[in-house]
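Everything on this sheet refers to the single structure shown next.
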Amino acid sequence: MVFRIASSPYTHNQRQTSRIMLLVLLAAVPGIAAQLWFFGWGTLVQILLASVSALLAEALVLKLRKQSVAATLKDNSALLTGLLLAVSIPPLAPWWMVVLGTVFAVIIAKQLYGGLGQNPFNPAMIGYVVLLISFPVQMTSWLPPHEIAVNIPGFIDAIQVIFSGHTASGGDMNTLRLGIDGISQATPLDTFKTSVRAGHSVEQIMQYPIYSGILAGAGWQWVNLAWLAGGVWLLWQKAIRWHIPLSFLVTLALCATLGWLFSPETLAAPQIHLLSGATMLGAFFILTDPVTASTTNRGRLMFGALAGLLVWLIRSFGGYPDGVAFAVLLANITVPLIDYYTRPRVYGHRKG
């Protein structure tokens with residue numbers, strides 16, 4: 001009898017990295033479409049800029065490292081990094097910001113560690129945080145959803161603002177950010193945090209046009225539901241596992257509910273947390289990154305729960321209105337520790 005000796009891994013996933021990345025890119029279509037509908041063509045321009053920047057940055061580093069450029073670019077990971085960063089920033093942010101953030105994400109946060117599979121932090125979120133800390137005004141200058149907007153920029157206007165800072169008619173970001181009440185608009189989370197700190201009551205805040213949505217913030221609720229739809233499709237395709245999204249959303253909802261019940265005059269209701277900002281994008285497309293997330297099922301549950309708790313804490317008590325990016329990176333730090341204490345016991349060996 002002949003015994004074959006094989007080395008690990010002993011189980012194999014037949015799906016290639018490029019196919020998984022492609023599935024994630026396809027799943028992002030509903031979310032992208034929703035952002036285009038509510039915030040205009042700027043999102044598409046940012047995606048194109050980020051995609052080109054990501055591919056060029058990755059190709060440059062691979063060339064310097066004398067590695068195969070074509071083979072690596074085919075894994076679609078650079079495209080996904082650019083896409084996730086592009087949909088996370090305001091649609092009319094200056095062109096150089098998305099280029100800078102994408103190049104930093106690909107070269108510093110990914111390739112500097114050795115490339116795909118070696119980076120401990122989510123590259124897109126590293127790029128986002130670098131931009132947010134460096135350029136806080138531009139990174140929080142979101143347009144009002146078209147439902148409550150006074151000026152809705154077209155495709156040409158979006159290009160002109162992104163590359164020159166103003167439209168052909170002289171309109172700038174201050175003009176484009178005006179809502180139907182004549183006040184510059186912000187995201188639902190940003191508006192809530194700023195208004196509470198200014199001493200406004202929750203009853204007053206909920207009367208603002210940005211909260212005119214059926215469930216949560218105008219426009220943002222549908223954007224989040226679109227990302228949720230894409231995430232459910234990823235689960236159905238088995239491109240991601242359910243542990244991280246579920247534990248993240250349950251923890252965020254639980255913390256938000258308890259906080260709202262105990263302090264309804266200062267803390268946002270759970271539906272605002274779940275359907276505003278980057279909640280669903282983070283739950284299904286960012287936290288589930290197989291490279292930077294936990295690798296065990298118990299670990300994934302802990303990882304998602306930790307991220308959900310951090311998002312609520314940052315949104316409720318921190319200095320930034322959303323907090324998803326910071327929560328992801330802080331949770332990434334804990335992955336080695338989580339994996340160490342949740343790794344399954346080797347058969348035939350005692351626990352401990």
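Note that Cβ sites are derived from N, Cα and C of the backbone, with glycine treated the same way.
Under the heading transmembrane segment, Swiss-Prot lists 20-40 (among others).
Within the chain, the transmembrane segment (42-62) has long-range Cβ neighbours (under 8 A, six or more residues past its boundaries) at 32, 35-36, 68-69, 72-73, 78-79, 81-83, 85-87, 89-93, 95, 98-99, 101-103, 105-107, 110-111, 143, 153, 158-159, 161-162. Marked as transmembrane segment by Swiss-Prot on the basis of sequence analysis: 42-62 (among others).
Sequence-distant contacts of the transmembrane segment (78-109), counting only residues of its own chain at least 6 positions beyond either end whose CB sits under 8 Å from a CB of the stretch, comprise 21, 24-25, 28, 31-32, 35, 39-43, 45-47, 49-55, 57-58, 60-61, 119, 121-128, 130-131, 135, 138-143, 153, 158, 161-163, 165, 173, 176, 278, 281, 285-286, 325. Here Swiss-Prot flags 78-109 (among others) as transmembrane segment.
Packing against the transmembrane segment (123-143) from elsewhere in the chain are residues 39-40, 42, 80-82, 84-85, 88-94, 97, 100-102, 104-106, 108-110, 149, 153, 173, 176-177, 185-187, 190, 286, 320-321, 324-326, 328-329: each is 6 or more residues past its ends and has a CB under 8 Å from a CB in it. As annotated by Swiss-Prot, transmembrane segment applies to 123-143 (among others).
The feature transmembrane segment is assigned by Swiss-Prot to 148-168 (among others), with sequence analysis given as support.
Counting every protein chain shown, 22 other Cβ atoms lie within 10 Å of the Cβ of THR187 (FMN phosphoryl threonine). Under the DSSP three-state reduction, THR187 (FMN phosphoryl threonine) is assigned to coil, being neither helix nor strand. What Swiss-Prot lists as FMN phosphoryl threonine is THR187.
Same-chain residues lying 6 or more positions outside the transmembrane segment (214-234) and placing a CB less than 8 Å from one of its CB atoms are 23-24, 27-31, 33-35, 37-39, 144-148, 187-189, 240, 245, 271-272, 274-277, 279-281, 283-285, 288. Feature annotation from Swiss-Prot assigns transmembrane segment to 214-234 (among others).
Taken from Swiss-Prot, the feature transmembrane segment applies to 242-262 (among others).
The transmembrane segment feature in Swiss-Prot is assigned to 267-287 (among others).
The annotation transmembrane segment is assigned in Swiss-Prot to 301-318 (among others).
Simply put, out of 20-40, 148-168, 267-287, 267-287 has the most Cβ pairs sitting under 8 Å from the transmembrane segment (301-318).
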